[in-house]
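Novice: Once you've had a glance at the structure underneath, I'll fire off some questions.
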């Protein structure tokens, strides 16, 4: 895997994109702090950007499945450069509306880029290497987040906001240049095009469905027809893959923690009357997440993916419950450390399961659908966390989230065990 040039391009791209993203996020927060006094208006600006990404999800999925994934990555990368350019205009005119346009275009680019990247990973490595690559890929993003936020904070002390956006623009330009060297084998797409051309030459002819990468667990045994756009084609597939639905539900468990992450950090700091604990919590979570990414390969041969996903989700639930003792620095750090380890194992394992269970012909639409689902869940959890923190406080809220998470894990673990038992009984007949 490590001799594969495509792997290094993808990892370097994720790292560079992360640096650019987090630099621009810090710059955006600084700009909003200067120009937007209302917290509600700040959240509304962020929400508008995320909403744009959600609305473009169905189109992104269809485009990724029917065109070259490399082309999608290149065009979405170019879109990021255009979006950062809008911030230069916003700074020049001192206009918040140009910043809204920046947020919208950046999220639209992300709606195409990240599902396309998830679809590329299974095409550049062998199936047995997927878990390891997903783990290292997550680590690249986490390291970029830590370095990006640190560098942005330091750079703001010595340069203007414009300088920070220049650094972000340069990072995205380097990402675009590195993507140009990516070599993505897409035999299924090439065969589909040849079949379509052949069918067009014969009156009444029907294009032949490409076999490669399209069978998998597809209930119909073939790729979705070109005219079946959007997410409609996913419905029969998801009904035939209860495991995929289970993992989508389980993703809610770490999302309950992630959605309120920053708000919880602020509340823990206030509870302990210690501003420095914020940095410690971020550091412990980040280091634990990275450590889990390196342990993913070691865990690959120790139990099935589903068993590990249930274990990681249960650890996240335990970490949430531990925050009931958030007035203790030791318990707060232990909770964030456990969450980092569990989330660092959960997300690579879930990505690997999706890449294996979902036929490649559906990858674009599925990962776009998953991205939309993540964005919506994140917004709901963020708003719920803010409401609960104001109404019942941090300690009761995390206890509620922890109990809800344990219930979700228990319900789906029992369902999965019954399903496996039923399959074994049918196989023995």
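Don't overthink the numbers, they just go from 1 along the chain as shown.
Cβ from N, Cα, C; glycine included.
Those TrEMBL annotations? Automatic predictions, nothing curated.
Marked as domain 'Major facilitator superfamily (MFS) profile' by TrEMBL: 6-418. Annotation comment: TrEMBL describes 195-227 as region 'Disordered'. Positions annotated as transmembrane segment by TrEMBL: 7-28, 40-60, 72-93, 99-124, 136-158, 164-184, 247-268, 280-300, 309-326, 332-351, 372-389, 395-414.
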Novice: How about the transmembrane segment (40-60) and the transmembrane segment (99-124): at least 3 CB pairs under 8 Å, pairs 6 or more apart in sequence, or not?
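Specialist: In contact, yes.
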Novice: Please determine whether the transmembrane segment (247-268) and the transmembrane segment (99-124) are in contact (criterion: at least three Cβ-Cβ distances under 8 Å, sequence separation 6 or more).
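Specialist: Touching, no - the transmembrane segment (247-268) and the transmembrane segment (99-124) miss the threshold of 3 or more Cβ pairs under 8 Å.
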Novice: Can you tell me which parts of the same chain pack against the transmembrane segment (332-351), counting only residues 6+ beyond its ends and a CB-CB cutoff under 8 A?
Specialist: 118, 121, 130-131, 134-135, 137-139, 142, 247, 250-251, 254, 257-258, 268, 272, 277, 280-281, 284-293, 295-296, 299, 305, 308-309, 312-313, 315-316, 318-320, 322-323, 325-326
Novice: Please identify the stretch among 72-93, 99-124, 395-414 with the greatest number of Cβ pairs below 8 Å relative to the transmembrane segment (164-184).
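Specialist: Ranking 72-93, 99-124, 395-414 by Cβ pairs under 8 Å to the transmembrane segment (164-184) puts 72-93 first.
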Novice: Does the chain bring the transmembrane segment (7-28) near the transmembrane segment (309-326), so that three or more CB pairs sit under 8 Å (pairs 6 or more apart in sequence)?
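Specialist: Contact criterion not met.
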Novice: Going along the chain, which residues at least six beyond the ends of the transmembrane segment (72-93) come within the CB cut-off of under 8 Å?
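Specialist: Tertiary neighbours of the transmembrane segment (72-93) are 20, 24, 27-28, 31, 63-64, 99, 101-102, 105-106, 108-110, 112-113, 116-117, 120, 161-162, 165, 168-169, 172-173, 175-176, 179-180, 182.
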Novice: Across the whole of the domain 'Major facilitator superfamily (MFS) profile' (6-418), what does the mean pLDDT come to? Round it, please.
Specialist: 80
